[in-house]
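Participant: Sequence annotations record features per position, and here TrEMBL assigns domain 'Josephin' to 3-180. Annotation source TrEMBL lists active site at CYS16, HIS117, ASP132.
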Amino acid sequence: MSEGEVFHEKQRLELCAIHALNNVLQEQVFTKETADDICKRLAPQCVVNPHRSMLGTGNYDVNVIMAALQSRELAAVWWDKRRTVQSLCVDKVQGFILNVPSRVSLGIVSLPVKRRHWLAVRQVNGHYYNLDSKLKSPVCIGNEADLRTFLSEQLSLDVAEMLLVVRRDVEEYGTWLNSDDLRK
């Protein structure tokens, strides 16, 4: 499979949460308008919505991602970094959304400032891909072992977080964990 066949939205404004959602779903489902509607539903009485940038350029928080996934009959499971990624039952996970530190740049100039950035990882036709919207194209991570290495490296950053994108029944029964880990 060529990387050209993998759906990959590129970064625009501060819309990385929308790009991560669409990339993990492998189709354009969400837009800035749908994310703004979710923000209004989450905080209808607020003049300044706490779930997005005051400037209206995006920068959506995890609540918007979780509500968006729920609208698609999916769930987001917050990964406990005290667990090893070896305990993941990756067959039950549709994709991963990571929140990582990212450098801010203006054009070709990189500023000494880091902000939070959402990115997606997903399996497509047997290969896992890093679908970070800041990349020029999807980057093939490889097989399941390569995925576990990639996720471990990302989660080794103190401030990195990960959401597992799963079906609701997988969330409800906790089957995203290997059966040995469910008993702990």
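Including glycine, each Cβ sits where the backbone N, Cα and C put it.
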Participant: Near HIS117 (active site), how many other Cβ atoms are within 10 Å of its Cβ?
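Facilitator: Excluding its own Cβ, HIS117 (active site) sees 22 Cβ atoms within 10 Å.
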Participant: Measuring Cα to Cα, tell me the gap between CYS16 (active site) and ASP132 (active site) in whole angstrom.
Facilitator: 8
Participant: How big is the Cα-to-Cα gap, in Å, between ASP132 (active site) and HIS117 (active site)?
Facilitator: 9
Participant: For each of the active-site residues (CYS16, ASP132), count the other CB atoms lying within 10 A of its CB, then report the residue with the highest count.
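Facilitator: Answer returned by the neighbour count: CYS16.
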